[in-house]
Each structure stands twice: as structure tokens, then as C-alpha cells.
Ligand code: SF4
């Protein structure tokens, strides 16, 4: 019998309700304080290592930036599942005792932001089910575009869903099939449309699968005889594992006691790895599709300098994601790179209800301008993207208040005009400033002396992955060019552009 190590009622009651104003998360977008995009989720899996839970803990910790709302690990030694999930950071959800009780050599783990489904413990992953052939656990990164449609069809046939997570439809599709687990999983994956990376575990098998376009990253590593899986390679580094390869679009790898079967459930469609992984989401020490993120971001900064040079006294990057690009801009132009902005490293949660005034001041809790560095200087401020424009305006104003005489903003991606359907939590189109305003209007809105965006071609050239010969360099650029690599389901005004057109 499976048993869940449930948090005590007291602890559960103390768990804050996310995004309801019960607490103020200064690390990520909320209530317009930080209008950065919310990263999606991170997955980490182990097959064949006696310390699977501990490896997962460290792996998930390295992937923490991909999801701070909940964390979970499910393990098995070939028999019962042991699992624990909770709201909060990995280090908050797991302690030594909990990890010690997660016995088994196979595991899948997850860190989450809610990109689909509500933010609550029931939706924390891995999702765990009992079905005809035993236990089933699923951890996913991404979004199933046709999940609602499948869900309605399944409910009409009698399925009862336990969560509002789109991932649960996969479990139902597998469970309803009369075929064996692998064939049922293959058939189920073939019905899904979207951008997703799955780790699926039974009592004796583990499957790693990527969507047919490879929208969301999933990599495989090796540690001795064990196989590891992670959304980003930085998670392998922390446990001393070596990268083997990326899971290819449409591929499903099946691991059991007989070894590994490399199979496909779909032909590869147009390869479309999310460009925002390179621009913003992934850690700089991660390699994606053959390109190191720090190096790629430096090239974006260099390319930016070639496309939109502006003379200045110093270059500074908005920490942390834009520091690499700022170094690249500085190297290309010879303008010195300086730490003009400092990030408050504490990105946890404070249990205060911020007043409107505090919300307005919120950016100062996260970032400080270094007066002695920027005072009297013409500053080039490098950032990775502009979503609503509110954060950019606040950071520009921080620099001005600290004495910068000019602030020139350079964005290392094209204007972000379109919503994402593949697991990135983006506002509606009408809230995206670039969908409604010209570059000059945005410049005025964010109070910059000048503003320029990296071109689409410049971005593709800068990323320089081994998919360069493919369409768009093997990248999804839909939030910039509206060219979605799959069918998508638009709602309301999204399809026809912003409400202010
Ligand atoms: S639409 Fe944008 S954020 Fe979404 S997968 Fe494509 S590139 Fe990434």
C-alpha cells in the first residue's frame, strides 16, 4: 500500500495561501511589483541510485529558480511509493527525517509555479495515482494546450479529477487504456498538444518524454550506473553527474530493470526550444542544446552593442539574468561594466501585507542602485525583457534617483508581444506593453533616454545552438513573432491583438 507522508494539519494551516495577499513574495511577479515572467516548473528524476531522494533534493534545490511555490519527491524501491509534497521552497518542504523516509532507488521530483491549475497543495507534484497495474507518479514541466478539451471528454466518460492540474489528464488517459503501461503511455502522449517534459514513474519503470517540438528542456545525465533527468544541466553539476544528452522532441526513454529502451511516440515536429530559456529562465551555468547560457547571454549583449550602440560612461545589468549580457555589451563597446544595481539576495517571503505605498516601493526591496557607481554617469542598463513595463520604469527611476544623468535601456530580446501557451505564465496580450505601444511610446513610459530591443535574427545568431540550421535556429519565438509551433487555443481578445488597438 502506498503511503503519503502528509504535513501536519498545523503546518498545513500555517502554509500561506499563495497569491491571495496573505504574504508578499518579493522574488517574483505579483500585483504589479515585479512584472517579470514567472518561470514554469522544474523536474528531476533518478533511476537506479540508492540515494535517489537525496540526489533529488539537491537537484531540485539547483532548479529552485524554476518554481518556488511547491516541491515534491516520490520514490520507490520497486514496491510501494513513498512521497511527500508541500508548499514552499525545497529546503522548507523537506528536512532530514522526511528525506530519510523516502526510500528507494528510483525517484521523480518537482518544483512548481502554477502555470495551469490553482496554486494549492493538491496540485503540487509529483501527482501520484493508484491504477489498475499499481502506482503511477507524474512530474511535468510545461503546459498541455488541449488539456481542457481532453478533460471534458474524459469527464463525459466518467473520469473524476482530483486536481485542477492539466497533468492529471495524462494519468487518466494512461489509466483508461487497456494496453500495457508503455503502450498506454505512448498512446496517451500522442493525444497531447503543447509544450511539456514528463517524468512518469511506476513501481518498476521510469519514462522520460519530451513534446514533439521540444519546447521545454529535458536532459539526461549519468552518475555511476544511475541515470538522472533534469530540466537543466546545472542540477547535474551539483550532484556530480555528467551530462549524457538532451531528450529529443517526440522521444520517450523507458527505463526498467532490463535497461533502457529509446523509443518515440511522435516524429519530431519543427524543433522549437523556448527562446526565453536562453534569455531569462535558465541558470547561466546550464547548457541547452549545446549552448552554455552565460556564453549565449554574453553574445546577446555583444550583438545588442553591434545593433544599437549608444555611448555612455558605464554598462550595468539588471541582476541576475542580465549580468552576462551586460558583460558582453561592455566587452564589445569598451565601456566599463559596473555593478550599478545590486540585488537583495533574500528572495524568500515576508508575511506582511504590503500597503499600496509599499507595493510601489517594492522594487527597492529587491534592487538597489549603487549611488557611488552611477552618480553623474550616463548609464546603459541591460535587461532581458519588458513585460508590462512597470518594472523597467521603476528600475530606470532607481538609477535616476541615485544620480544617473542618462539611462539608456537595451533589451536582449525582441519586443514581447504575445502570450505563451507552453507553460510560461504571461499576462494577457493587452497587458503586454509591446503589443500596444511603439518602441518610442515604451521609451517614454519607462522614462528612458533611449530604448532598443535585440532583433530576432540577432537573438538567433547570438544563441548559436547546434540547431542553428533549423527554422528560427530551432527556437520557439512565438511570444515575439506570433508564430506558434503548435495549435493554440486563443480566448477573447488575445487572438486579435490588444484591447487598445
Ligand atoms: S511563446 Fe515565448 S515563452 Fe512561450 S515557449 Fe515560446 S519562446 Fe518560450
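Using N, Cα and C of the backbone, Cβ positions are placed for all residues, glycine too.
TrEMBL does not curate its annotations; it predicts them automatically.
If you look up TrEMBL, you'll see 41 marked as active site, nucleophile. Summarising the annotation, TrEMBL assigns [4Fe-4S] cluster binding site to 274, 420, 476, 479. Annotated Mg(2+) binding site per TrEMBL: 321, 383, 384, in sequence order. Sequence annotations record features per position, and here TrEMBL assigns domain 'Glutamine amidotransferase type-2' to 41-258.
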Residue pair residue 479 ([4Fe-4S] cluster binding site), residue 383 (Mg(2+) binding site) - Cα distance, angstrom, rounded: 17
Nearest-integer angstrom distance between the alpha carbons (Cα) of residue 476 ([4Fe-4S] cluster binding site) and residue 384 (Mg(2+) binding site): 16
Protein Cβ atoms within 10 Å of residue 479 ([4Fe-4S] cluster binding site), excluding its own: 29
Neighbourhood of ligand 1 - recorded positions from 41, 321, 383, 384, 479 with Cβ under 6 Å: 479
Number of Cβ atoms other than its own within 10 Å, given for residue 420 ([4Fe-4S] cluster binding site): 22
Top Cα neighbour of residue 420 ([4Fe-4S] cluster binding site) in the set of recorded positions 41, 321, 383, 384: 41
Env. residues of [4Fe-4S] cluster site, Cβ within 8 Å of mean position of 274, 420, 476, 479 Cβ: 195, 215, 275, 276, 422, 424, 477, 478
Check: same-chain CB within 8 A of Mg(2+) site center, minus 321, 383, 384: 279, 280, 317, 318, 322, 325, 382, 385, 411, 412
DSSP-derived structure type at residue 274 ([4Fe-4S] cluster binding site), helix or strand or else coil: strand
C-alpha spacing of residue 274 ([4Fe-4S] cluster binding site) relative to residue 41 (active site, nucleophile), in angstrom: 13
Packing count at residue 384 (Mg(2+) binding site) (other Cβ atoms within 10 Å of its Cβ): 24
Cβ neighbours of residue 41 (active site, nucleophile) where a neighbour is any other Cβ within 10 Å: 28
